Amino acid sequence: MGGRVFLAFCVWLTLLGAETQDSRDCARWCPENSSCVNATACRCNPGFSSSSEIFTSPTEICDDINECVPPSKVSCGKSSDCRNTEGSYDCVCNPGYELVSGAKTFKNESENTCQDVDECQQNPRLCKSYGTCVNTLGSFTCQCLPGFKFKPEDPKLCTDVNECTSGQNPCHSSTHCLNNVGSYQCRCRPGWQPIPGSPNGPNNTICEDVDECSSGLHQCDNSTVCFNTVGSYTCRCRPGWEPKHGIPNNQKDTVCKDMNFPTWTLPPGVHSQTLSQFFNKVQDLDRDFKTSSAKVTIQSILKELDELLEAPGDLETLPRFQQHCVATHLLDGLEDVLRGLSKNPSIGLLNFSYPAGTEFSLEVQKQVDRNVTLRQNQATMQLHWNLAQKSGDPGPSVVGLVSVPGMGKLLAEAPLVSEPENQVVRNETHQGLLPILLSDVISAFLSNNDTQNLSSPVTFIFSHRSVIPRRKVLCVFWEHGQNGCGHWATTGCSTMDTRDTSTICRCTHLSSFAVLMAPYDVQEEDPVLTVITYMGLSLSLLCLLLAALTFLLCKAIQNISTSLHLQLSLCLLLAHLLFLVAIDRTEHEVLCAIIASALHYLYLAAFTWMLLEALYLFLTARNLMVVNYSSINRFTKKLMFPVAYGVPAVTVAISAASRPHLYGTPSRCWLQPEKGFIWGFLGPVCAIFSVNLALLLVTLWILKNRLSSLNNEVSTLQNTRMLAFKATAQLFILGCTWCLGILQVGPAARVMAYLFTIINSLQGVFIFLVYCLLSQQVREQYRKWSKGFRKLRTESEMHTLSSSAKRDTPKPSTPGLLGLQS
């Protein structure tokens with residue numbers, strides 16, 4: 001026994017010594033999460049790993065082993081997840097789950113007791129207002145109550161849905177939607193009520209209009225009549241009544257007053273017993289006026305006006321301008337009175353006529369979409385009904401037309417102010433001439449007062465007296481002036497068609513209208529004649545320029561005859577040129593007068609040279625019988641320049657000094673025909689071409705005798721025949737064809753106008769043809785000039801070629817120093 005104890009004690013001491021030796025030999029460099037095996041080796045702790053189980057390298061480290069990923073075979077079970085820890089791992093329940101025991105972790109699937117957590121029960125306020133919490137496996141959701149939706153910025157906050165604006169309501173069209181918090185209602189609109197058996201509010205509500213007028217629910221004033229409308233009502237003035245000042249008609253608060261007779265009194269400053277009696281009768285009608293008797297009052301006023309204009313009495317003794325003022329006052333007042341008294345819808349359609357010719361047509365209708373035509377014996381008016389409707393006034397529309405032929409007595413000699421395209425009368429142009437009134441004076445009015453710029457034109461068809469041929473017809477209206485009087489005007493009115501006894505007018509405003517006739521013949525321009533004039537004069541200018549150059553440069557033909565030709569050509573050249581470029585420059589009166597006087601002088605000078613040409617031709621023919629050239633030459637040279645340029649200058653000076661304002665017309669820079677002023681040109685012209693024609697006839701008679709006395713020598717015969725041909729051509733050159741201008745009357749006027757324009761616009765062509773192209777001496781000179789020109793051109797070309805050849809020829813080389821040495 002004792003030996004065994006001793007043996008055990010010895011073994012224990014041996015082991016204790018070995019352990020002490022090992023402890024002293026443990027390696028001190030082992031890394032974190034490891035332990036030493038001996039003095040030279042280490043081993044990683046459980047849950048960590050290195051490159052080998054036991055390692056001896058001091059640089060080795062121990063890494064944590066992730067037991068939650070392969071190849072580890074850790075399984076935590078359903079609704080849980082493995083969570084790695086330092087050197088170990090845990091199993092935890094998924095969010096929204098918890099262990100039955102309440103513990104937070106477990107180690108393996110056998111310990112898994114994870115179950116769903118009901119968040120809605122744990123926190124009833126988890127979802128905000130108007131939201132409901134719904135538990136789900138491992139989580140929860142918030143759902144909005146009906147009529148609400150989530151706000152985009154906060155998925156837990158619900159906000160109201162406006163079913164009325166979003167269109168998410170089935171309300172009937174007879175209701176209107178009212179949004180509530182989380183809901184809506186379908187309520188009847190104001191002025192509507194639920195149909196029998198229908199609720200008022202739910203989405204199946206159906207409503208019908210309430211007739212406030214028949215049910216007595218309206219609040220219309222006693223001066224108005226209730227008119228039911230869909231969902232409401234309006235209050236309109238009673239027939240013959242009108243809204244009080246500042247209060248619109250057809251409103252719920254409309255208040256009306258009985259219709260007043262429009263104010264119509266004697267115009268100030270006019271002293272006439274006849275007119276005073278008329279307005280006394282008008283005042284009597286005003287005093288006894290009742291709305292119900294509006295039709296009778298209209299008839300009475302028109303009857304009194306008809307009698308006044310049939311026998312104006314002392315009105316005709318008033319000065320013309322006062323008569324025009326009275327007419328303006330009568331037309332204005334008549335229009336206002338008739339418009340005011342015609343608003344009674346019970347009137348309907350009226351047509352009155354009176355002994356002196358006054359006619360009245362009226363139509364009163366509710367709003368219609370059609371044209372209306374009012375016909376009278378002497379006038380017809382056509383327009384669309386929408387022109388008569390006053391903006392914002394649902395009442396009846398009025399269209400009226402009154403024809404007052406007697407008004408023409410007061411409007412006699414009234415002035416006309418027309419637009420430029422219709423300008424036929426100008427005080428400075430046609431003094432004392434006034435347009436003639438052809439038709440009756442008519443006045444048109446509508447219930448709409450704004451008739452100065454109508455949306456569509458009104459058409460008037462006038463019957464009138466026969467129009468004098470070639471007189472212009474104008475559609476005019478009476479325009480009121482600032483002084484209380486007025487004048488005829490054409491602005492806004494156009495003449496669409498005119499015949500002998502009828503005219504169609506179209507106007508964009510309403511007033512008093514009539515048809516006027518110009519007091520003198522108005523000639524319309526023929527575009528064909530204009531083209532012929534400008535083409536003929538342009539060709540004549542070219543020929544006159546060539547002829548003048550020929551007479552100046554051709555020395556062989558220069559004599560008294562060519563001097564006459566040259567002066568005639570220059571005068572016509574300047575006159576035609578001024579005519580082409582300045583005849584229409586009427587915008588400046590002074591400039592136009594200067595142009596007209598210059599044309600007057602140049603054409604008179606040209607005709608004077610034509611007279612001298614005819615005289616010289618006559619003397620030449622006479623001297624074929626008796627030779628006396630020297631005396632002729634001295635006589636011609638001494639007189640021709642003073643006569644040709646002096647006489648026209650005196651004539652123009654006298655005309656300009658006596659009536660300078662008659663130079664220039666509204667359309668042309670020429671002499672005006674008034675007071676015989678145009679005869680300052682026509683008189684000398686007629687005298688000259690008459691003398692020229694007589695001289696030419698005598699010349700031809702002399703030549704005929706000369707031809708009969710000649711022998712048959714060919715050269716003499718040919719020269720004399722050429723002289724005869726030239727003498728005949730002088731009919732065109734010497735202005736004898738200007739008589740065609742005087743013959744422009746009657747049926748042949750158009751033919752004469754064309755002949756006059758063609759022949760006289762080509763006068764320069766005849767001069768160049770007869771005096772240049774048919775002259776043998778001139779033709780010979782043309783040939784010489786042509787040969788000289790060709791020779792000059794050839795020499796120029798040869799000189800050019802010679803200069804070019806010299807430049808192209810190589811120059812001989814000059815020997816240098818090396819050449820000299822050799």
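Even glycines carry a Cβ here, placed using N, Cα and C.
Lifted from Swiss-Prot, the feature list:
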type	residues	note
TOPO_DOM	19-530	topological domain 'Extracellular'
CARBOHYD	Asn33	N-linked glycosylation site
CARBOHYD	Asn38	N-linked glycosylation site
CARBOHYD	Asn108	N-linked glycosylation site
DOMAIN	116-159	domain 'EGF-like 2'
CARBOHYD	Asn203	N-linked glycosylation site
DOMAIN	209-247	domain 'EGF-like 4'
CARBOHYD	Asn222	N-linked glycosylation site
CARBOHYD	Asn351	N-linked glycosylation site
DOMAIN	351-523	domain 'GAIN-B'
CARBOHYD	Asn371	N-linked glycosylation site
CARBOHYD	Asn427	N-linked glycosylation site
CARBOHYD	Asn449	N-linked glycosylation site
CARBOHYD	Asn453	N-linked glycosylation site
TOPO_DOM	584-589	topological domain 'Extracellular'
TOPO_DOM	659-676	topological domain 'Extracellular'
TOPO_DOM	750-753	topological domain 'Extracellular'
REGION	797-822	region 'Disordered'
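On the structure: features taken from Swiss-Prot.
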{"residue": "Asn33", "record": "N-linked glycosylation site", "DSSP class": "coil"}
{"residue": "Asn38", "record": "N-linked glycosylation site", "DSSP class": "coil"}
{"residue": "Asn108", "record": "N-linked glycosylation site", "DSSP class": "coil"}
{"residue": "Asn203", "record": "N-linked glycosylation site", "DSSP class": "coil"}
{"residue": "Asn222", "record": "N-linked glycosylation site", "DSSP class": "coil"}
{"residue": "Asn351", "record": "N-linked glycosylation site", "DSSP class": "strand"}
{"residue": "Asn371", "record": "N-linked glycosylation site", "DSSP class": "strand"}
{"residue": "Asn449", "record": "N-linked glycosylation site", "DSSP class": "coil"}
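The CA atom of Asn351 (N-linked glycosylation site) is located 18 Å away from the CA atom of Asn371 (N-linked glycosylation site). Candidate glycosylation sites: Asn33, Asn449, Asn453. Nearest to Asn222 (N-linked glycosylation site) by Cα distance: Asn449. Non-local neighbourhood of Asn449 (N-linked glycosylation site): Arg339, Lys390, each in the same chain, at least six residues away, with C-beta under 8 Å from its C-beta. In terms of DSSP secondary structure, the domain 'EGF-like 4' (209-247) contains 4 helix, 16 strand, 19 coil.
For Asn453 (N-linked glycosylation site) paired with Asn38 (N-linked glycosylation site), the C-alpha to C-alpha distance reads 122 Å.
Taking the C-alpha atom of Asn108 (N-linked glycosylation site) as reference, the shortest distance to any of the glycosylation sites Asn33, Asn38, Asn203, Asn371 belongs to Asn33.
Mean pLDDT, taken over the topological domain 'Extracellular' (584-589), works out to 82 on the 0 to 100 scale. Sequence-distant neighbours of Asn33 (N-linked glycosylation site) (same chain, 6+ apart, CB under 8 A from its CB) are Cys44, Asn45, Gly47, Phe48, Cys62, Asp64, Gly87. For Asn351 (N-linked glycosylation site), the number of other Cβ atoms no farther than 10 Å from its own Cβ, over all displayed protein chains, is 13. Per-site Cβ counts within 10 Å over the glycosylation sites Asn371, Asn453 peak at Asn371. Long-range Cβ contacts of the topological domain 'Extracellular' (584-589) within its own chain (Cβ-Cβ under 8 Å, at least 6 residues beyond either end) map to 595, 664-669.
For the glycosylation sites Asn38, Asn108, Asn203, Asn222, the greatest number of Cβ atoms within 10 Å around a candidate Cβ is found at Asn203.
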